[in-house]
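S.K.: Per TrEMBL, the features are:
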type: DOMAIN; residues: 13-461; note: domain 'Major facilitator superfamily (MFS) profile'
type: TRANSMEM; residues: 49-66; note: transmembrane segment
type: TRANSMEM; residues: 103-123; note: transmembrane segment
type: TRANSMEM; residues: 135-154; note: transmembrane segment
type: TRANSMEM; residues: 166-186; note: transmembrane segment
type: TRANSMEM; residues: 198-217; note: transmembrane segment
type: TRANSMEM; residues: 229-247; note: transmembrane segment
type: TRANSMEM; residues: 267-292; note: transmembrane segment
type: TRANSMEM; residues: 298-320; note: transmembrane segment
type: TRANSMEM; residues: 332-355; note: transmembrane segment
type: TRANSMEM; residues: 361-384; note: transmembrane segment
type: TRANSMEM; residues: 396-420; note: transmembrane segment
type: TRANSMEM; residues: 432-456; note: transmembrane segment
Amino acid sequence: MPQTLPGSKSGLTLFLLSTTVAVYSLLEAMLAPALTVIQEGVGATTAEIAWVFTGLLLSAAVTTPVASRLGELYDKKYVLLCVLFVTTGGTFLSGVATTPTVLAGGQVLQGVGLSLVPLSLGLIRETQPARRAGFANGLVIGVSGASAAIGILLAGPIVERLPYQFLYYIPGTLLIVLMVAIAVTIPRSSVRAIGGRTDWLGAFLLGGGLTLLLIGVTRAASHGWTSGFVVGLAVFGLVILVVFVMFERKTAEPLLDVRIGSRTVAIAYTIAFTIGFASSTFLLTVPTIVGAPEESGYGLGGSATVTGLVLLPFGIMTAVSAPLSGQISKILGVRAALVVALGSVTLSSAALLYSEGRAEVLLLAGGLLGVGAGLGLTQVMNIISATAPAERATTAMGMAFVIRSIGGAIGGQVVGSILASNAVPGLPVPAWGGFIGSFALLGTFGLLAACLVFAIPRAHSQVAIPRAHSKVATD
């Protein structure tokens, strides 16, 4: 039975858990505006610095379902403290990193922290009074989105006054304080799954296959896209991923239940992948454009503060559009709402194609992509909630977040390699042709995903959207 706490202690528990999620979101949001500063600090190429996002998302894709399952089998508080310990270690490792390899390792460890959200929501469900449960869930998601917007704004002033390493040290110190406070004040979890196991082999296959595939993409810039080394790594990685899917279809308790769902759910997963791909592409390319010198022909020569301001419309529109998704789908229907979302992604890529040296176009593109990401991901969650089998809906929604992370990891690394393969002679920045290729690829993904929406059966295009899911995409 859930262990509902007295009012004062349940309030403290909610405060600590929501603050932990907020600090983690702050940490990750501060990295994009400072990307060029971090790249210079560790001497990374464009393909290597993409691992700031790739390492984090790759780790999250593997560890989030594992940590969530461990939380069901064992003490959620203990698992959450372990996640905090690993995340904090990765934060400080990234801060002291002097090479791209060490930085990537730190980011991989930080990616474990994305499982803080499901673990925190699980503890909230056990410790909060029933009358406060809905508010508490919304608070956790809300502070995550708000702190991400704050992080985008804070990054510039911090790196202009302090070494960029403080982007890691400040939130890392706060995470240590929160870890101690949670260990002392929050009670042990009282709800456990009876029996069951963790799919460690599935985690190994998924992580190994994705890692080999993405390392191959990373090395494409230096070895060539058709080199035996790159092709061999990519093929080997894909073979392992095929084995992973075959194994997951047969195992009783899979890491990712690939057997879930109908054609509609499969399309929803494809949209989640596209949104992850688009977000990583934007967060890698735009800071590079803003920070590039004007001599490049397209750069704005902007500081980290300017970069944060340019990225801000993306964060704001993501947070604003997600809560409105329920009303939009009631007016237009689910299919039309998804077309609007993916159309916004495609229009954003079209705007980016003409953003050469134009800050106002970058602002517009960020706002459009924010609408697409916030509206689209929330619609994905709503579709899955309404169409997946009731007893597997939670697993299906968790899988959508994992697939979004995989899309982000692949998108960041593919685009990073495209940019690294196109350099401006005499300058350590990509040529504009690399950006054209990246934005064209993004637009193609958005357009294809929009076309897939029309394959959703009409019976699912007017589903009643539960209000409880209307804020999920702000995470």
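Using the three backbone atoms N, Cα and C, a Cβ is placed for every residue, glycine included.
Source: prediction; values computed, not measured.
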S.K.: Among 103-123, 198-217, 332-355, 432-456, which stretch has the most Cβ pairs under 8 Å to the transmembrane segment (267-292)?
M.R.: 432-456
S.K.: Between 0 and 100, where does the mean pLDDT of the domain 'Major facilitator superfamily (MFS) profile' (13-461) sit?
M.R.: 84
S.K.: If you count every Cβ pair below 8 Å, which range out of 49-66, 166-186, 229-247, 332-355, 432-456 shares the most with the transmembrane segment (396-420)?
M.R.: 49-66
S.K.: What residues elsewhere in the chain lie close to the transmembrane segment (198-217), defined as a C-beta under 8 angstroms and at least 6 residues from its ends?
M.R.: 47, 54, 58, 61-63, 65-66, 69-70, 73, 229-234, 236-241, 243-244, 247-248, 251, 253-256, 406, 409-410, 413-414, 417
S.K.: Sort out for me which stretch, of 49-66, 103-123, 229-247, 298-320, 332-355, has the most Cβ pairs below 8 angstroms to the transmembrane segment (432-456).
M.R.: 332-355
S.K.: When you scan the chain for residues with a C-beta under 8 Å from the transmembrane segment (229-247), skipping those not six or more beyond its ends, what do you find?
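M.R.: Contacts of the transmembrane segment (229-247) (Cβ under 8 Å, skipping residues fewer than 6 from its ends): 201-202, 205-206, 208-217, 219-220, 223, 254, 258.
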